[in-house]
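Pulled from TrEMBL, these are the features on record:
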- GLU55: active site, proton acceptor (ACT_SITE)
- LYS155: active site, proton donor (ACT_SITE)
- CYS188: active site, nucleophile (ACT_SITE)
- 14-282: domain 'CN hydrolase' (DOMAIN)
Amino acid sequence: YVAAVYEHESILSPSPAAPVGRRSALELMGRNLDIYEQQVLAAARQGAQIIVFPEDGIHGFNFTRSSIYPYLDFVLHSDSGKWNPCREPYLFNDTEVVQRLSCMALKNKIFLVANLGTKQPCARTDPRCPADGRYQFNTNVAFGADGTLLATYRKHNLYFEYAFDTPPEPDYAFFDTPFAGRFGMFTCFDILFFEPAVNLIRQYNLKQIVYPTAWMNQLPLLSAVEFQQAFATAFNINILAANIHHPTLGMTGSGIYTPVKSFIYHNMESYGGKLIVAEIPVITADYKTNLEKTPGRVSEKGKEQTPPSFYAEMMYDNFTFVPVWGEKGELQVCANTLCCYLNYQRAVLTDELYALGVFDGLHTVHGTYYVQACALVKCGGLSFSTCGQEVTDATALIDFQLWGNMSTPYIFPLLLTSGITLDFADHMGWKNNHYFLSKNRTSSGLLTAALYGRWYERD
């Protein structure tokens, strides 16, 4: 099927915390929706059957709970009845944004997914009802090609979004299409948690995901395109990911991902939005990748010459590293119950320092979640203290086999190359209670090769 995602540079309110009326809120959102309209038309002309827009794309961010209120639409959150906002605009008040989105879908005969802020009055008798008498949600809406509202999803894992409430129960949101079957949806930070993202995919055996996001890139392990690809690979699904484009905030990175190929956009240099349109196969059946080669164990000889281990902070976590020296070698590094192993061979010796790092613990900055990671990374400089820094360019071509005795089945294989580009492993998967990732010769210099494990039970 042909899919489209749009990385949108939103027109932002100059002072989001200042109170405004509904009319000026609609005026600002209208300017973003004008851009959406052009992009839907462009995508439809290229044969796209579905288009996805980013999180916060219509209203922007940095609001307070009260200052965002004029920007919120009323959206009925339920599966009761099918509403077509474009054809039935009079059913509810404050639905101007939803109406425009519905009409874009209808006019262009395209499935459309977008993110907006919504409000829902609640009764004083509801013990969870906020003091102002309403819920405010960060919401995705999905429309059919006839403009019907097919599904809504309220973001569950809020990322310091004080203007919004967490829904009482996780939403499991999905909708059906004639061209690719069932699509599930969730938003941004949700991708790192079991509820509802992983549970949704497993429970409904989903093979296509639409994913609006406003993601701030964090190298070496959580760059948007890097993790989006890893998620598609880990669950053997297609992901249509639309990110916001604000390079000054480190926000870029969208794509259309399959487990074996991707069409991505990552651009920290220039401004303006970007439409990606690609034809991808519908994934139907499950297939498991098999490992053909059995890696050698670390030999005794290797142990005698073990390079020194050192500690460095990476992504706010205290990793234990060993340097990756010389042309080839076999390394291991352990922390808590996790041991990581690396066999490597460099094509040419470059004056770049690489290190193999391990972390097995609770990550506590910008969210709390348990991580088990084995990571081969390029360091920022030549001293140990630079390992774990954000690096975007590399020249070293390395053949490697990386494996670890992970305690969780949820492993996201990361493979990032110079210039924030993606590469695909030759082999990966489980063998003898170890997860393996191997690659002969990356297409360009290696930035990161990692097994990023999420141990959800220990969050």
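Residue numbers in this text run from 1 along the chain shown.
For all residues, glycine too, the Cβ spot is worked out from N, Cα and C.
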Roughly how many angstrom lie between the C-alpha atoms of LYS155 (active site, proton donor) and the residue listed as 'active site, nucleophile'?
8
Segment confidence, the domain 'CN hydrolase' (14-282), expressed as mean pLDDT:
97
For a quick check of packing: other C-beta atoms within 10 Å of the C-beta of LYS155 (active site, proton donor), how many?
25
Within its own chain, what residues at least 6 apart in sequence put their Cβ under 8 Å from the Cβ of GLU55 (active site, proton acceptor), listed in sequence order?
ASN115, ASN138, LYS155, THR187, CYS188, PRO212, THR213, ALA214, ILE244
CYS188 (active site, nucleophile), number of other Cβ atoms within 10 Å:
26
